[in-house]
Amino acid sequence: MTTQIPVPPVVSDQALPDRISDRLKGQIIVILDFGSQYSELIARRIRETEVYSEVLSYRTTAQQLREIKPKGIILSGGPNSVYDQGAPECDPEIFQLGVPVLGVCYGMQLMVKQLGGRVERAKRGEYGKASLHIDDPTDLLTNVENDSTMWMSHGDSCVDLPTGFEILAHTDNTPCAAIADHQKALFGVQFHPEVVHSVGGIALIRNFVYHICHCEPTWTTAAFIEESIREVRSQVGDRRVLLALSGGVDSSTLAFLLHRAIGDNLTCMFIDQGFMRKGEPERLVELFDHQFHIPVQYVNARDRFLKQLEGVTDPEEKRRLIGHEFIQVFEEESNRLGPFDYLAQGTLYPDVIESADSNVDPKTGERVAVKIKSHHNVGGLPKNLRFKLVEPLRKLFKDEVRKLGRSIGLPEEIVRRHPFPGPGLAIRIIGEVTSERLNILRDADFIVRDEISKRGIYHDYWQAFAVLLPIRSVGVMGDKRTYAHPVVLRFITSEDGMTADWARVPYDILEAISNRIVNEVKGVNRVVYDITSKPPGTIEWE
């Protein structure tokens, strides 16, 4: 008996077309998600071609799609087998809309099954790289080279195709690797063209988007800026908006965009909890307040946060206490500076996909904030702070936010800033956080960033930082015995932070960093290098 894999959670289907602006209706590729780990990646690949795409629930009906008016529909992969009991299925009327459809892996098998074909457990599954042998190089496979490497991940196989379908390509183990019903514009691929391992995948996606769906390149940064400013002004009017500025690319880009849209009706609040990197709070205020003339309400809460962490060693308790204190400070300061009608959040599109638990005001239909965005790692705001939300970035992926930031004048030091956890250095100090330990780690971390920055390799790494351990080791300095802290260096390469590999940093660079730390940072006499990937480890130590 086949073990049933739970179907993906249902994305709210209420008023789906209302989420899409008039400009994008009729120029959108919809991805119906069946629980694939790559659904977001498909959307990103399509957007890279300057065509808008959205990920919707597989339960989205044909009627709802008619209202959205997509130029094309993609059925994602998924963890199920189409013959599993309760396996997710789409509305079969979708295939009668006259809109081009591309099924990917599970999506192809589902299309075959729903249109009268047959899918069976493959005699031999196919996982990893495979050579694609092209039988028909037209339409979907135009400009895809024969014997291109494609990424396979399937245990089932299509054995009988529905009427009207033909085989476009095969692999050594999969007779039906790409199929098409040209008359109805229905296509399927057993591989994943969206992943980086699929060499001809981008060409295939462009073929579907432009040659089959006949899309136009309307998803541009300039068009997004113009539309966002118009939407923010329409939503907010002359009312006041509060933004909690963190210094990261999301909140900084949001601040620039909102200030361009509503000017002085935006209030940026920066709560300095004392756990940022060396010089960052001062630099943030200087950039926004003095250089770009976007006023920032600076709140020095360092002592309050540090007091909350006295004697605390558990990492989850640290996060909880930091989050709780952030809420207290935020509430006090918003009451002092307010009143405000709106809370601006740097919610991104992956957050929208992952969570459909937004609260809706029954009178206005607007989403109401009961939480501060999870990237702050601070938990929820009190329910009596009933701000309405303004979220101009909620259609964007992280890489699109960076492009937007550059376009509106955000400096590169923020646009390409390494990801930094909400609790900051507090979770890079293993054990209790004290003022002394913060100073040690802040100095060590500065040396790491300084050495790779002056060599011009800062952007070669997803993250590069130091971790302070709560132990001591014996050393010898100046013919004297020392007993001081070891520091861990953590250098990571990654595309999105979901998986990561430890970076092969040249020894001479590691040596230079180590020498500076043990000579310049009082309280450290040993430096070690973390060579753990994610998985099994995580990027951060806590």
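Placement of Cβ uses the backbone N, Cα and C atoms for every residue, glycine included.
As given in Swiss-Prot:
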DOMAIN    28-218  domain 'Glutamine amidotransferase type-1'
ACT_SITE  CYS105  active site, nucleophile
ACT_SITE  HIS192  active site
ACT_SITE  GLU194  active site
DOMAIN    219-417  domain 'GMPS ATP-PPase'
BINDING   SER246, GLY247, GLY248, VAL249, ASP250, SER251, SER252  ATP binding site
Among CYS105, HIS192, GLU194, which are recorded as active-site residues, the nearest neighbour of GLY247 (ATP binding site) by Cα:
GLU194
Other CB atoms within 10 A, centred on the residue listed as 'active site, nucleophile':
25
Quick check for the class: what is the C-alpha distance, in angstrom and rounded, between GLY248 (ATP binding site) and GLU194 (active site)?
28
Considering every residue in the domain 'GMPS ATP-PPase' (219-417), what is the mean pLDDT value?
82
Using DSSP, would you call SER252 (ATP binding site) helix, strand or coil?
helix
Where SER246 (ATP binding site) and GLU194 (active site) are concerned, what is their Cα separation in Å, rounded?
33
Residues within 8 Å of the SER246, GLY247, GLY248, VAL249, ASP250, SER251, SER252 Cβ centre (excluding the ATP site residues themselves):
LEU245, THR253, LEU254, GLY346, ILE414, ARG417
On a C-alpha basis, identify the one among GLU194, VAL249, ASP250, SER251, SER252 that is nearest to the residue listed as 'active site, nucleophile'; the candidates are the recorded positions.
GLU194
Of all the recorded positions given, GLU194, SER251, SER252, which has the fewest Cβ neighbours within 10 Å once its own Cβ is left out?
SER251
